[in-house]
Amino acid sequence: MDSDSHNTLQTVNTFLTHLASERRLSPHTVNGYQRDLIEARTLLGSQPWDTLTVHDMRSLAASLHRQGKSGKTIQRMLSTLRTFFRYLMREGLARDNPAIDIRAPKSGKRLPKALDVDQVSHLLDAGTSNSEPLALRDQAIMELLYACGLRLAELLSLNLDSIDLHESQLLVTGKGNKTRQLPVGKPALTAVRRWLQVRPMLIKSSDQNALFISKNGRRLSPSSVQQRLKRHALERGLDAHLHPHKLRHSFATHLLESSGDLRAVQELLGHADLATTQVYTHLDFQHLAQVYDGAHPRAQRRKDDDE
């Protein structure tokens, strides 16, 4: 085995291509793998991948710990390396996986703070009078993030045919390319309809099917949404650190507090917990829609309300 042949940037690039094309991971996730591998390579030095040992992996984890990295960050790095070494073994470029049994120090689980219902209402209701195209787009984005508990990557991957305005439903592609069907409340539907009326003003290419586009007619980037959300939060006197995942967490918190139905909430969130996924698959859409209608502060998705 030629150690140098896979100890190059090309090997890492090939692995990243594999993640994007074969495993169909989002660009954001692939970039995370890339950052982890670059940092690991820096800390491990020039030693070929196939000569690294369990001791090297423990030393890497210890080095990250000394740098003050959290247990979660170290575990993510080790997870990246385990995945990378599995790929190398599959390609015949490594004999074993030295990261397989290495565990990072446990860190306490800290959930992001949720906005309360009044704060969410202030955030969303304050922008309903602005008819500028970008403002209408941002309003639809914020409404959907909270109405459906979307991950940022899920929001950005939405296409025009992802939402059924008549049936008040959204088809979302989540982690692992898994799809789920979500009910959508009246305020979010109204916001999306208003956005779709002005969306043609920003279109530069007739084949652009992204639901949310930039002022240049391209599919929105994660940083654009994050920056716009922070801007709207500041304008409305809310936490400057407001980010898309905080709206997702607020969605989950408010539904769980109102319904107490943990299984339905986790199904709506698209969580893929190996220990509990089988339970969630038995919940049908009608049950999820009923939980949503009865518990979500901005639901009201009955057909007669939509007229």
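A Cβ is built for glycine as well, from the same backbone N, Cα and C atoms used for every other residue.
Copied from Swiss-Prot, the annotated features are:
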- R151: active site (ACT_SITE)
- K175: active site (ACT_SITE)
- H245: active site (ACT_SITE)
- R248: active site (ACT_SITE)
- H271: active site (ACT_SITE)
- Y280: active site, O-(3'-phospho-DNA)-tyrosine intermediate (ACT_SITE)
- 6-89: domain 'Core-binding (CB)' (DOMAIN)
- 110-293: domain 'Tyr recombinase' (DOMAIN)
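Relative to R248 (active site), the active-site residues with Cα atoms inside 10 Å are R151, the candidates having been R151, K175, H271. Considering only the active-site residues R151, K175, H245, the residue whose Cα is spatially closest to the Cα of H271 (active site) is K175. Each residue in the domain 'Core-binding (CB)' (6-89) gets a DSSP state, and the totals come to 67 helix, 0 strand, 17 coil. Mean pLDDT for the domain 'Core-binding (CB)' (6-89) in the predicted structure: 88. DSSP classifies R248 (active site) as helix under the three-state reduction. The 10 Å shell around the Cβ of R151 (active site) contains 20 further Cβ atoms across the protein chains shown. Annotation: R248 carries the greatest number of neighbouring Cβ atoms among the active-site residues K175, H245, R248, H271 [cut-off 10 Å, Cβ to Cβ]. Between H245 (active site) and R151 (active site), the C-alpha separation comes to 6 Å. According to DSSP, R151 (active site) is assigned to coil rather than to any helix or strand. The CA atom of R151 (active site) is located 9 Å away from the CA atom of K175 (active site).
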